[in-house]
Amino acid sequence: MERNVKKLTKRKVSFRYLNILRGLCLLAVSTYHLFGHALPGGFLAVIGFLVMSGFLMEKANFNRDLTPIDIFESLKRKVKKILPPIVFIMFVSLVIALIFAREIFDDSAKSSLAVVFGFENIRQIIAGASYFDRNGNFNIFVHLWYIALYLQFIGIFYIVKYLGGMVKSISLKIWMIFILAIASVAISFYLALTDSPIIRIYYGTDTRIYAFFFGMAFYLLYLKYRDRIELNQNHLRIAIGILGLCIFLPMFFINGENIWIYRSFFLVYTLSFALLVAVLYKYEIEYGAGFSRTIFGGILEYLGRRSFYLYILQYVVQVFFAYFLINLLENKFLFYGLQVIWIIFMGEVCHILFDRKRINKYLIIVPLVGLAILNAISLAIGNQKEKDMAELKARFAQSEEEIKKNNESFKTHNKDEEEKEKLDKDKKDSPSDDDEEKDKEEKDKDEDKKDEVKKSSKNFKEKAYDDFDFTENELFYVRDLHITAVGDSVLINIDKYLRAYVPNLYLDGKVGRDMPAGPEILQNIKNNVGLGDIILISLGSNGSANHKDMQAIMDIADGRDVYFVNTSHLQSYMDKVNKDMKDFVDDNPKAHLINWREYVKDRPELLAVDRTHPNVEGSQAYADLVIRKILNVNKVGE
């Protein structure tokens, strides 16, 4: 029996085209983690991992009669293969984080044991942690929900194989597996149709297992129909090309935060991927793997063979690089190139340490005990980041209440001003001598103010963008302005600091808002409240600064000066957003850039623990930057 188990569990699959496909999936997921704005659907590659796992596990265990002892031994061997490198990488990463990056440690420690015990996906559902919004989240193990899911699927696979062991008919096996898959699809479809939280669908064992089941079913379909379907080499190549396009093109435009993709797209995509796996499998058996002998094919095959280690490492390395080096390495080619080199190097180290018949027991025991100790330390010292984030959220709540009150007061004040203007107009139609005298005095005062501003403008010398030593004349000028501001969560806590300079401020901020929402919000303000002298836009932290939306904002502004504040955080899309914003401002004379990124990049003490939102001191600096830019643009001098 032991010999049978060893044969069962040690058998290796070496199909080169499936390794190449696995390498492509690894590149897609890594690119999504690194450049989510460029490949928003890269997360779809995880479906490929699940399909291939189901396909190859069914192949390795086809027609095997499994006893409970066989299953136990098989599970033990699988766990010994999967967990040691994961535990080792998590242990080393947490030690580094505890010493040098407390925020990373606080965010990541809670995931480590959940990954080891195979319930990290469930923990993330309970915690409400979105896979698609990682801004300010330093959990370096957020991607290992897939490993937890995979461990669960392995257990379910052996249960299904054991319970279905009496069934010998391939057709009946296919129907049984399809029924299980359709049940999973139905759960996913129902949750999507009832607008359940996306994380429940995305992380759910019951909603994702159909990809694994379809992989199993398509291997059985291949066995059943391989001799009945005759396709020549060209036909197979065309099929691979079409299916490849169906698999990889959606990665450039699918957004995981859109609920509709879980209603139908995921199912079609999974079936397409399963069919591609079966066709590649058939092609290599019949015609070999010539492409793998090319340079590009060889690289992809290498990545596929190391994909397990590289998948574990890639996001860990990306977060550490962003945390420590994003402000030190201005050369992006060097910044990303070093990441790739380090990931591959560490992947080879893991391969040497763990791809062997006997793994040094201390490589298992020490990291495992170390993880337990690190989790105990985490409990003992508490999660400082959670406390700081709770304080930040409390500031949000307080600021939102103040903004609401201030906006209501602003509307009331505007209404009173309109009524006053109406009365003044009526008086002008039949003015008295006293009224005429008062009007003349007011006009003279206004003219004097204008003369002062003209004088200051005439002798104007622009001050440094970070010169916050405002003169009385400058403060007097901004106090008389009326600003309309639209932004995301970054702007919310700026309200009271900006309002101290500009009492006539109408601010509309919301957590998670992005540039595409800007035009509609501004139009609503224009229709219902009216626009101020100046428009302030603080959008882009959530991923977008496309010129179409920015131009729409300019059109709504009707010739007013519009000030765009750029962004500072650790997400990969920051540079693109800031570049897009600068390019637009450079081409539009009425658009102006407030360079928050330049000011804050070397001043981490001005940011909250999420490295995105300004803290109290940072909020004051943010408001100061806005005021200085307005003064420079309007040439308000001494």
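Each residue's number is its place along the chain shown, starting with 1.
Note that Cβ sites are derived from N, Cα and C of the backbone, with glycine treated the same way.
TrEMBL: automatically predicted annotations, no manual curation.
Now, the feature entries from TrEMBL:
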- 16-336: domain 'Acyltransferase 3' (DOMAIN)
- 20-36: transmembrane segment (TRANSMEM)
- 42-62: transmembrane segment (TRANSMEM)
- 82-101: transmembrane segment (TRANSMEM)
- 140-160: transmembrane segment (TRANSMEM)
- 172-192: transmembrane segment (TRANSMEM)
- 207-223: transmembrane segment (TRANSMEM)
- 235-254: transmembrane segment (TRANSMEM)
- 260-281: transmembrane segment (TRANSMEM)
- 308-327: transmembrane segment (TRANSMEM)
- 333-354: transmembrane segment (TRANSMEM)
- 361-381: transmembrane segment (TRANSMEM)
- 407-431: compositional bias 'Basic and acidic residues' (COMPBIAS)
- 407-456: region 'Disordered' (REGION)
- 440-456: compositional bias 'Basic and acidic residues' (COMPBIAS)
Cβ pairs under 8 Å between the transmembrane segment (140-160) and the transmembrane segment (207-223), at least three: yes
Cβ-Cβ under 8 Å with the transmembrane segment (172-192): same-chain residues at least 6 beyond its ends: 160, 164, 200-201, 204, 206-210, 213-214, 216-217, 220-221, 224, 259-260, 262-264, 266-267
The transmembrane segment (207-223) and the transmembrane segment (42-62) contact flag, 3+ Cβ pairs under 8 angstroms: yes
When counting Cβ pairs under 8 Å to the transmembrane segment (42-62), the leader among 260-281, 333-354, 361-381: 260-281
For the transmembrane segment (333-354): best-contacting stretch of 20-36, 82-101, 235-254, 260-281, 361-381, by Cβ pairs under 8 Å: 82-101
Spatial neighbours of the transmembrane segment (260-281) far in sequence, C-beta under 8 Å, 6+ residues away: 15, 17-18, 21, 44, 47-48, 51-52, 55, 185, 188-189, 191-193, 198, 201-202, 207, 210-211, 214-215, 217-219, 221-222, 236, 239-240, 243-244, 246-247, 250, 254
Remote residues contacting the transmembrane segment (361-381) - C-beta distance under 8 A, at least 6 residues beyond either end: 84, 87-88, 90-92, 94-95, 98, 105-106, 109-110, 112-113, 116, 353-354
For the domain 'Acyltransferase 3' (16-336), the mean pLDDT of the predicted model: 94
Long-range Cβ neighbours of the transmembrane segment (20-36) (under 8 Å; 6 or more residues past either end): 42-46, 48-49, 52, 143, 248, 251, 276-277, 280, 291-292, 297, 299-305, 307, 310-311, 314-315, 318, 336, 339, 543, 571-573
